[in-house]
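What TrEMBL records for GLU70, ILE92 is Mg(2+) 1 binding site. Taken from TrEMBL, the feature Mg(2+) 2 binding site covers ASP90, ASP93, ASP220.
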Amino acid sequence: MTDLWQDAMDHAVSAARGAGQVVREALLEDRMVMVKSSSVDLVTQTDQKVEQLIIQSVKEKFPTHRFIGEESVAAGEPCVLSDEPTWIIDPIDGTTNFVHRFPFVAVSIGFSVNKQVEFGVVYSCLEDKMFTARRGRGSFCNGDPLQVSDQKAIKQSIIATEFGSDRDPEVVDKIFSSLRNILCIPVHGIRSAGTAAINMCLVASGCVEAYYEIGMHVWDLAAASLIVSEAGGVLMDVEGGPFDLMSRRVIAANNRTIAERISGEIQAYAPARDDAAAPGADP
Ligand SMILES: O=P(O)(O)OC[C@@]1(O)O[C@H](CO)[C@@H](O)[C@@H]1O
Ligand SMILES: [Mg+2]
Ligand SMILES: [Mg+2]
């Protein structure tokens, strides 16, 4: 049977590796920092340049494919996940880390058809770790198979989360309330890589038992969601229902028991969905 998407996945790996080289070179220069939704939601010309390089390279090979790119959406492109083959791109996940030279910076490229992720590529470009997954064919890091942690007890676990870029005191109170509840289970520790994609690859690698967050976007999650599930992990909404790529809410865990326990401790809220502005979106 013809393997429809292997050529596209091979291109994604090559594009992510090339983008990582651009990121590493940019780290040697001064970076002009701009802001988006708030004074702590950063973007640089490197984010924009890398996204355009990836999108242009894909358009040359797959001219009918669609795109959801973080910086294209920021510039006004619609954020619509259709049934069409769609490349879901975060050119730099961890821009704040990139600006501060904190060494966790990822290029994330997900690919969906019929709203289902067919492959995911996350390149941690300062670690030179290429995380990949193809639906139904497992997850890998630099070609080595990945498997989530076999830890069953949350009290023997490390949990990853992030603080996001929303500084609204009411939102911050919810974030810290959830954090306190989970820390006081107690768990062994809480960790933040500063990038959702790498946090989720740490779940897939068995380095942390779970990651949860409210507020990130589809481009942070798409590729890594498949890397987690193909490593034997589970994905869930923060209130325990099914994971929804466009909801800006996720629990990614090594097993359902730990995911459900985390869900029970989170003070949930619902940010505006990524597809909220899409034509025909539910109000
Ligand atoms: O804007 P970026 O760098 O692409 O992504 C922002 C981000 O790093 O910030 C959040 C942590 O607060 C993560 O969920 C997300 O991955
Ligand atoms: Mg991101
Ligand atoms: Mg980004």
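Glycine is no exception: its Cβ is also placed from the backbone N, Cα and C atoms.
Structure coloured by features recorded in TrEMBL.
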residue: GLU70; record: Mg(2+) 1 binding site; Cβ contacts under 8 Å, 6 or more apart: ASP47, GLU51, ILE89, ASP90, PRO91, HIS217, TRP219
residue: ILE92; record: Mg(2+) 1 binding site; Cβ contacts under 8 Å, 6 or more apart: VAL23, THR44, THR46, ASP47, VAL50, PHE98, VAL105, ALA106, VAL107
residue: ASP93; record: Mg(2+) 2 binding site; Cβ contacts under 8 Å, 6 or more apart: VAL105, ALA106, VAL107, SER108, VAL122, THR195, ALA196, ALA197, ILE198, TRP219, ASP220
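Close contacts with ligand 2, defined as a Cβ under 6 Å from any of its atoms, occur at ASP90, ASP93, ASP220 among the binding-site residues ASP90, ILE92, ASP93, ASP220. Apart from ASP90, ASP93, ASP220, the residues listed for Mg(2+) 2, the same chain places the Cβ atoms of GLU70, ILE92, GLY94, ALA106, SER108, THR195, ALA196, ALA197, MET216, HIS217, TRP219, LEU221 within 8 Å of the centroid of those Cβ atoms. Between the candidate binding-site residues, ASP90, ASP220, the densest Cβ environment within 10 Å is the one around ASP90. Selection of the binding-site residues GLU70, ASP90, ILE92, ASP220 by a Cβ distance under 6 Å from ligand 3 yields, in sequence order, GLU70, ASP90, ILE92.
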